[in-house]
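Peer 1: Before anything else, here's the structure in question.
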Amino acid sequence: MAIRKYKPTTPGRRGSSVSDFAEITRDHPEKSLVRPLHGRGGRNAHGRITTRHKGGGHKRAYRVIDFRRHDKDGVNAKVAHIEYDPNRTANIALLHYLDGEKRYIIAPQGLKQGAIVESGANADIKPGNNLPLRNIPAGTLVHAVELRPGGGAKMARSAGASIQLLGKEGSYASLRMPSGEIRRVDVRCRATVGEVGNAEQANINWGKAGRMRWKGKRPTVRGVVMNPVDHPHGGGEGKTSGGRHPVSPWGKPEGRTRKPKKASDKLIVRRRRTGKKR
């Protein structure tokens with residue numbers, strides 16, 4: 001993938017860029033693997049906003065991705081197409097299995113149309129193959145990693161993401177996460193070899209607010225420019241700093257949003273670097 005930059009023909013085009021989609025081999029999805037996707041606008045069943053800054057955006061169809069490939073162990077598949085997925089930053093690969101079934105997976109870096117991929121404990125160590133961590137050599141970069149055996153891929157699924165397998169000791173494997181955190185995971189958990197493709201996506205300059213609205217992202221308004229009725233930082237004459245430590249619209253101090261005593265924390269060997277004092 002490469003980035004195509006626009007000439008500054010308008011203020012919105014100045015500095016903006018877009019993917020050249022050179023890796024994409026088909027412009028429409030597999031019909032049997034598409035489901036309707038209804039926008040919620042960040043609202044719950046009562047109609048109240050529970051997630052801010054969401055709403056609108058272009059209509060999308062959901063592509064069903066296979067995050068549990070254990071039921072295809074020993075069945076080879078051919079990469080029929082590399083496709084664009086509007087629901088994620090990574091591209092997706094359409095697999096045609098020898099038994100006739102078709103499935104989507106996240107497309108790793110270097111996976112080409114016509115390649116053969118497989119899953120299972122005896123699979124080769126090459127991009128796109130899925131196998132348990134116990135069968136992957138230390139130092140290998142992987143993605144789409146399970147947190148629990150059979151639970152489906154949860155970690156490192158976005159464009160350019162990868163996890164490094166540092167080593168194995170007993171029934172646990174040590175992984176270096178994209179955040180820098182080192183975590184222990186059961187060696188029976190599965191992972192896909194290689195890095196997620198489309199890494200240049202992070203370098204796209206969106207150029208104008210309208211492109212964010214196409215993606216379903218609404219504006220983020222600072223509390224200091226609101227009225228006192230809307231935010232604890234609101235009000236004041238002229239430009240003010242808020243007059244207190246940063247808080248949420250409901251008065252809770254910023255940061256420290258994670259559960260302090262999560263059960264799985266005992267599997268974290270080294271925490272991610274946050275730059276904040278704990």
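Glycine residues also receive a Cβ, built from the backbone N, Cα and C atoms like all the rest.
Residues or ranges marked as region 'Disordered' by Swiss-Prot: 1-58, 224-278. Per Swiss-Prot, the feature compositional bias 'Basic and acidic residues' maps to 23-33, 253-268. Annotated compositional bias 'Basic residues' per Swiss-Prot: 37-58, 269-278, in sequence order.
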Peer 1: Using a Cβ cut-off under 8 Å, which residues of the same chain at least 6 positions beyond either end of the compositional bias 'Basic residues' (37-58) come close to it?
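Peer 2: Distal contacts: 86-87, 213-220.
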Peer 1: Could you give the number of helix, strand and coil residues in the region 'Disordered' (224-278) as assigned by DSSP?
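Peer 2: Output for the region 'Disordered' (224-278) reads 7 helix, 5 strand, 43 coil.
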